[in-house]
């Protein structure tokens, strides 16, 4: 028997919940610091822990504007955005809750029927001669885990949205003191969401494992098979959050842009535009609540995939708790590493100029990766035996602890590479986006051609990075290596989410500045924050897509093992038809979500035009528009339109598994993974590039940009059209595709016992 890990079980049992508690406490501290910025005119805004000094005067004082009115207006707008976002999420959660109940019953019935709802112990699937807990127990605990994952995902998304809507006006007010103060407020608010989500996801999973363990005892195979329901619950809710939120935000955004900016030639976020509140609400429900649920789902699934494989390896056979929960130890150290990293942005250095914003955010990625590499080395040394075996498709493969360290590290650094490649292709500081902006000289058509070409080209390096990660991690530690590589990419999730949430908060801050009639200089500062946020949002999507590829491959490996498929032969008709249908699914899904945005945007455009044409004094600014109708259009459209794409993803594995069997389903999963990753990366980057090409022209910071501008010029109008086409690509279809490939894989794994026992009805008949 191999030597045990250095870290004793008791220390592990303490370390994981303490790391989660520290993460939650840090999130609360950041929230307290943000809350010190007052939204009442009686008390002057105070940046809390931010440095204050003689430069702390307000721009309004310098320009003789009424400070009282500005603060009151900001508070009113923030309240309207918060109410709209809360109302939408509650409506969405009612429908999603109904689905959750129905699907929970399905899980129980399907898994319970594997052994005819027997309460007798059954032979273990992987360990011959041993008995495991009955299938009915697996059904009950998988259902509980599913509900736990779903609820955690919903709460994560909702809290993220509440924090973002709490912080947006505060960021606007801090911009009066300087860009550094506004940046710290926006980033701290993002950090609240990042740490809250990472820590709560870890804590709930840890508690579930310990509580389920009371019943399962030594049956770790059964325990972690049941725990996979946690990942399924998290991703199911993420799908509806991403699709519903994405349709909501883009319907409002497209409607606001096409009528306001192109037809009426009024600025973005102008208070005269009826769709402007719905647009700002959408930023929160799509980019904050949706992204939060999405990355939580990735984290839950990668942890579950690693735990399932580990439970049937030497860790599980020898009942070694510390090495068994190695994935949770990696996540625990990730929280501490991200905490140290965050201090570099908020406390150790101060941003003094607009040009320092994007480098500061990039440094967050680099610092967190370097610190986390040291953390992984430490955890691998303390938490793993020097030599152990990993389950590898029916045999046990001998692995050493340093090899597992390399697997996690390669995933971590591949994430950084994907992040930087995404930044290169979507930031207007580099030539690809500047070329797209330059193409606007000759109209919208050339802008679209250049943007599509950029998106396709941007796929190359991320795919090579993912391919190298898969090859190295699989060579070293089979499917367990791939699972922990995915976990490595997500180990800095707290920093990644902080950077990602910073974007929509800054975007909202700019919108509030415009609507409150604040000075042009403040709008310049919020625009600079927003432009950096667009790039970081694209980086966040790159991380999510890259990790989804690794996660779904690890889940695919676990599914193939559980379904007792020894090899997946693409030359057999059963597998090949699955492969070609699976490769088609991301296109079908994208068509559904794109069309949903288009039809919702059509209603929005008609309503905005109606209001401009029929409400007297609206264009002159003497009458307020009817914001509520536009909010209702977005809400109704997104709730109605999110159901068909969601049903496509959730029902495909069930239909294929039951009718065609596990071999065809394995082909479907492989096909969806291969084509879904490509489309997701190109769609996200194309949309991000078009958005920043438009901002490049609007900002006019270089001589080249000034030749294309100003706002309202023909090149600018062409850039707005490109941005409008890119909106559903980068915020609806692209980010939702990574959930499609993960969700189908984890759902197949959860239902694998049923498919293996009763699947392939059609092939049995003929």
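Note that the numbers count up from 1, one per residue, in the order the chain is shown.
Cβ coordinates come from backbone N, Cα and C, glycine included.
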With the ranges 272-296, 297-321, 447-471, 597-621 to choose from, which does TrEMBL describe as transmembrane segment?
447-471
Distal contacts, the transmembrane segment (134-161) - CB-CB under 8 A, six or more residues away
85-86, 89, 93, 96, 100, 103-104, 107-112, 114-115, 117-122, 193, 196-197, 200-201, 204, 208, 212, 215-216, 222-223, 225-238, 241, 284-285, 288-293, 296-297, 300, 501, 750, 753
Using a cut-off of under 8 Å between C-beta atoms, tell me which stretch among 447-471, 543-565, 648-681, 739-763 contacts the transmembrane segment (477-499) the most.
543-565
Residues sitting near the transmembrane segment (402-426): Cβ under 8 Å, six or more positions beyond its termini, same chain?
326, 330, 362, 365-366, 369, 372-373, 376-377, 380-381, 384, 432-433, 454-455, 457-458, 461-462, 465-466, 468-469, 472-473, 476-477, 480-482, 484-492, 534-535, 538-539, 541-543, 545-547, 550, 684-685, 688-689, 691-692
Same-chain Cβ contacts of the transmembrane segment (648-681) under 8 Å, 6 or more residues past its ends?
103, 106, 236, 239, 455, 458-459, 462-463, 466, 541-542, 545, 548-549, 552-553, 556, 559-560, 563-565, 568, 570, 572, 574-590, 592, 733-735, 737-741, 743-745, 747-748, 751-752, 754-756, 758-763
Same-chain residues at least 6 beyond the ends of the transmembrane segment (739-763) with a Cβ under 8 Å from one of its Cβ atoms are 107, 110-111, 113-114, 125, 135, 138, 142, 146, 225, 228-229, 231-232, 235-236, 238-239, 242, 294, 297-298, 301, 304-305, 308, 548-549, 551-552, 555-556, 558-559, 562-564, 574, 585-586, 589, 649-650, 652-654, 657-665, 668-669, 672-673, 676-677
Under an 8 Å Cβ to Cβ limit, what residues of the same chain, 6 or more beyond the ends of the transmembrane segment (571-589), are close to it?
645, 648-649, 652, 656, 660-661, 663-676, 679-680, 733, 736-737, 740-741, 744, 763
